[in-house]
Amino acid sequence: MQESTPKRSEEFVEDVSSPDTNTSSQGYVPLWHSLKKWPKVVGYNLALSSAILLYGYDLVIVANVSSMPAFQHRFGAELNGKYIIPSEWLSLWNAASPIGMMVGAIIGGYYQDRGGRRLSLATGSFLSAVAGVVIYLCDLHPNMDSRRGLFLTGKLLQGVTIGMLLCMIQTYMSEVLPIVLRGPIIAFLPIFTLLDGEQFEKALKMQCKLDTGDMDSAKTIEDLQTSIKAEEEERETQTYSDCFKGRANRRRTFIVCFASALPQFFGLQLLASASYFMQMVGMSATNSLIFLILGIGLGLIANGVSLFTLNALGRRILILWTLGAAFVLWLALGIAGCFTGVVTIWYTAVSMMVITMVCGLGIWPASHVVAAETSELTLRSKSQGVGWFVSGVATGVFSIILPYIYNPDSGNLRGKTGFVMAAFAAIGYIITWFTIPEMKDRSPMEIDRMFALNLPTRDFKTWKSDVVIDRGANALKQATEA
């Protein structure tokens, strides 16, 4: 007796039996060709990516004002004839931004689903301007503790805006980019919001603005609608608790959270305070700032190269290679810190620049891509909120403890702090090896299927489906069956 098969709606069927589906309906397109194929998309993406500069500016520039002699004189305290920032205030200032990020990420993950992506962007931008004014004017107060408190307040508010903006931007990157561009570019496109409100005509109009004349905009919108409708059949209302319901979602949420915290495992917080740290090792303020600028420049170059390495090599292998290299470099820096002299000072400075460049080639950008593409579509905004919350926690913890480790009025480890960072790099490498799969060139439907099958981490790269995925009827049928 022949078994009856569930009736399928062809609208919600994706045939992934062909190996070519690894790049979805767009087909395999080399990165350079894809840039020419979607020039308007790239332009809009890069325009909104400028909001990420806010994070970098706060992380590096604002964080390193404490290394400037004039700031130390205005906000610091004298120790052995030299002005330094007290450890407790340095820790509070370093932790203020990540604590604010935690709050902003949760607010952003909730708010962008309610008020919309564009309103979330506008709100975050306005609050950022307010925070900038507070930070800029805080030194005018005559009382020392009040100056320090106002600076702390400004950094805390700035952190809230960063959490809101990064959560929203990364959500868009994972939702709307062509697969081949998902790794290289962080995007802001209003298409998904319009589709989520079932405003097909508006979404189509917007897509036409982004596409070139020879592209089928209607087909692109229909593909997006299919993914959205397929996910919506499985949800009524989504909350943050849904990120932890079911084995697959718990696994995906853990990966998002760990990937969001990965930058702290290669030492981002210490690298961000490189100028002040190098002064504690013994370098002059002028030279430490020069090395900081050189490190930023090398990091930018490395990040540019990563546009191609992310697509050519994949996320997992880049994270493992560069995190392993960071471990060796931090270990060598710690050994150098056991000695004193000019050579140790300059070796520390050069090592920190090299670590910035190496991590900029791989783990730094790759961690954000992994965090963006792991969660399922309907939980993506909330998963990003949880991820950036964890990122804020990790950044806050490192911000608080590091000054107590290397500052002269506390642990005074100085260059030997490299041993601490090497240990964290080793821990990050081990966790990455067992938990982060390779999802390069995978469509959202394929990623859903692989997590649903509970594939081992190392099997993601080679997995090929021989099934037709029917999301509309929640049925799976072997493609080879008659």
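First residue shown is number 1, and so on along the chain.
Yeah, the Cβs are placed from backbone N, Cα and C, and that goes for glycine too.
Note that TrEMBL annotation is computational and uncurated.
According to TrEMBL, the compositional bias 'Basic and acidic residues' annotation covers 1-11. As annotated by TrEMBL, domain 'Major facilitator superfamily (MFS) profile' applies to 44-440. Residues or ranges marked as region 'Disordered' in TrEMBL: 1-24. Here TrEMBL flags 46-71, 92-112, 118-138, 150-173, 254-277, 289-310, 317-339, 345-364, 385-406, 418-436 as transmembrane segment.
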Overall pLDDT of the domain 'Major facilitator superfamily (MFS) profile' (44-440), taken as the mean: 81
Test of understanding: applying the rule of at least three C-beta pairs under 8 Å (pairs 6 or more apart in sequence), is the transmembrane segment (345-364) touching the transmembrane segment (150-173)? no
Determine whether the transmembrane segment (345-364) and the transmembrane segment (254-277) share at least three Cβ pairs under 8 Å, counting only pairs 6 or more apart in sequence. yes
Cβ-Cβ under 8 Å with the transmembrane segment (254-277): same-chain residues at least 6 beyond its ends: 59-60, 63-64, 66-67, 85, 90, 94, 285, 288-289, 291-292, 295, 319, 322-323, 326, 330, 352, 355-356, 359, 363-364, 367-368, 370-371, 374-375, 383-384, 386-388, 390-391, 393-395, 397-399, 402, 406, 417, 421, 424-425, 427-428, 431-432, 435-437
Is it true that the transmembrane segment (317-339) and the transmembrane segment (118-138) have 3 or more CB pairs under 8 Å, sequence gap of 6 or more? no
Within-chain partners of the transmembrane segment (92-112) [C-beta distance under 8 Å, separation at least 6 from its ends]: 58-59, 62-63, 66, 85, 119-120, 123-124, 151-152, 155-168, 171, 240, 269, 273, 381-389, 391-396, 399-400, 402-403
Taking residues 6+ outside the transmembrane segment (418-436), which of them lie with a CB under 8 Å of any CB in it? 254-255, 258-259, 262, 264-267, 270, 315-316, 319-320, 323-324, 326-327, 330-337, 351, 370, 405, 457
